[in-house]
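A.B. asks: Below is a structure I'd like to ask you about.
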Amino acid sequence: MSIFFSRSFQYRGFILFLTFLFYTAYHLSRKPISIVKSELHRNCSTVIRPADFNITDNATWCDWAPFDQDNYKTLFGVLDNSFLVAYAIGMFFSGMFGERLPLRYYLSFGMLGSGLFTCLFGLGFYWNIHSLGYYAFIQVMNGLMQTTGWPAVVACVGNWFGKGKRGFIMGVWNSHTSVGNILGSLIAGAFVSSAWGMSFIVPGLIIASTGILCFFFLVESQFPFIIDTYTHKSGETDPLLQNSSHVDRSVNGAIATEPAEVVVVEEHPEAISFCGALSIPGVVEFSLCLLFAKLVSYTFLYWLPLYISNVAHFEAKQAGDMSTLFDVGGIVGGIAAGLVSDYTGGRATTCCVMLIAAAPMLHFCTVGGRFLFVYVGMLLLCGGLVNGPYALITTAVSADLGTHESLRGNSRALSTVTAIIDGTGSIGAAVGPLLAGVISPTGWNNVFYMLISADVLACLVRNRSSPH
């Protein structure tokens, strides 16, 4: 039996690694826009003017048009929301496509498409494009391409792992979000001051490359329509080896290879409807909770580097590097949330406690940012407390609800349920950066008050759901 447990473990580990790599690439390609913002609109009085630059009365000579105007924050908000609104709308349809199409093809198409549009944004630097419409269109198309990722990878992992340690496993696995953000920040930061176009082109090439890996190596489920089985001497059947036409069979102490016995498991289950997914207990409540939690998380994702640059007066690269601390905290918070929820059996309660603790930490961001070590501590704690519930809802909770007992074993519902929850959350992800763009001219403190309000609302709507 150790042979089979070992091989089953290897298969699951490989799928976990692949899907981790895939969604790391998705987030890696989203991050550059937040790093490049502080380069598109700079304080030109602090920039050394090139010797061959003749204009002496232009205060915005170092900015990239059209972001050289006083309304640059509004224009940045347009770019953010072009992506996020397209992502939110597309996500509701993405889950239904994911149920009806092979996930391997669906993910590969999405990553290649996302790589293309990410590169096209960066090529605007080399092609000297200064049209807001061009960049907004690229953001819309990239947002639609990115919707292919989350429902598909959660469905893959949910198909390979049971509920027993799902919170911990998915908590560790979900660190791909923060790892992708960190790598995206570091890669974009390496090029932002010299040639910001490369801040997009390099991540675009990376996600396109992972799309090719997905096409050749992803196995989307351990439960295909036929299962290869192994017959023990005791007469028991063990379906540990999946997706194989042969198994190792012990004969007189020797291992030989021969054709496996084929057992038909079930007919292709019928895909669940959108309304049917909404009727699953807890889907609506957790979707609304994620809306407000993701509003907070994505406001940090898109505006934190600019906030650090404006308030702490760091250069673009330094601000981008500092912003990765929020994601480092998010890795720890996601793992801790999964571990605690597995131990206590209360996913909802875990989310509520972390959301309550996050509110005062967000307030400290408005009053305690005078010293570097204070910034570091606040960003780490905020990252853990904000991203912990976000990670738990989008992974373990989505997988639990997508395999709810009311579905009677219909595993094809997992993609649709995941898409509904993350799609609703993505509405908050679109609203948060938009509100930050509108509110920030009145003072960064007001942005954080908005985030605190959203955090409290996330906790309140969660209380309508089951404690488990």
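Glycine is treated like the rest: Cβ placed from N, Cα and C.
Nobody curates TrEMBL annotations by hand; they come from automatic prediction.
So TrEMBL says this about it:
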type     : residues : note
DOMAIN   : 18-468   : domain 'Major facilitator superfamily (MFS) profile'
TRANSMEM : 12-29    : transmembrane segment
TRANSMEM : 74-93    : transmembrane segment
TRANSMEM : 105-127  : transmembrane segment
TRANSMEM : 133-161  : transmembrane segment
TRANSMEM : 173-192  : transmembrane segment
TRANSMEM : 198-219  : transmembrane segment
TRANSMEM : 283-304  : transmembrane segment
TRANSMEM : 324-341  : transmembrane segment
TRANSMEM : 372-393  : transmembrane segment
A.B. asks: When you check the transmembrane segment (105-127) against the transmembrane segment (12-29), do you get at least 3 Cβ pairs under 8 Å, counting only pairs 6 or more apart in sequence?
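C.D. replies: Contact confirmed: at least 3 Cβ pairs fall under 8 Å.
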A.B. asks: Would you mind giving the whole-number mean pLDDT across the domain 'Major facilitator superfamily (MFS) profile' (18-468)?
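C.D. replies: When the pLDDT values over the domain 'Major facilitator superfamily (MFS) profile' (18-468) are averaged, the result is 78.
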A.B. asks: Count the Cβ pairs between the transmembrane segment (372-393) and the transmembrane segment (198-219) that lie under 8 angstroms and are 6 or more residues apart in sequence, then report whether there are at least 3.
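C.D. replies: With fewer than 3 qualifying Cβ pairs, these stretches do not touch.
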A.B. asks: Counting only residues 6+ away from its ends, which parts of the chain sit with a Cβ under 8 Å from the transmembrane segment (74-93)?
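C.D. replies: Same-chain contacts beyond the ends: 30, 33, 37, 40-41, 66-67, 132, 135-137, 139-144, 146-147, 150-151, 274, 298, 302, 306, 419-420, 422-423, 426-427, 429-430, 433-434, 436-438.
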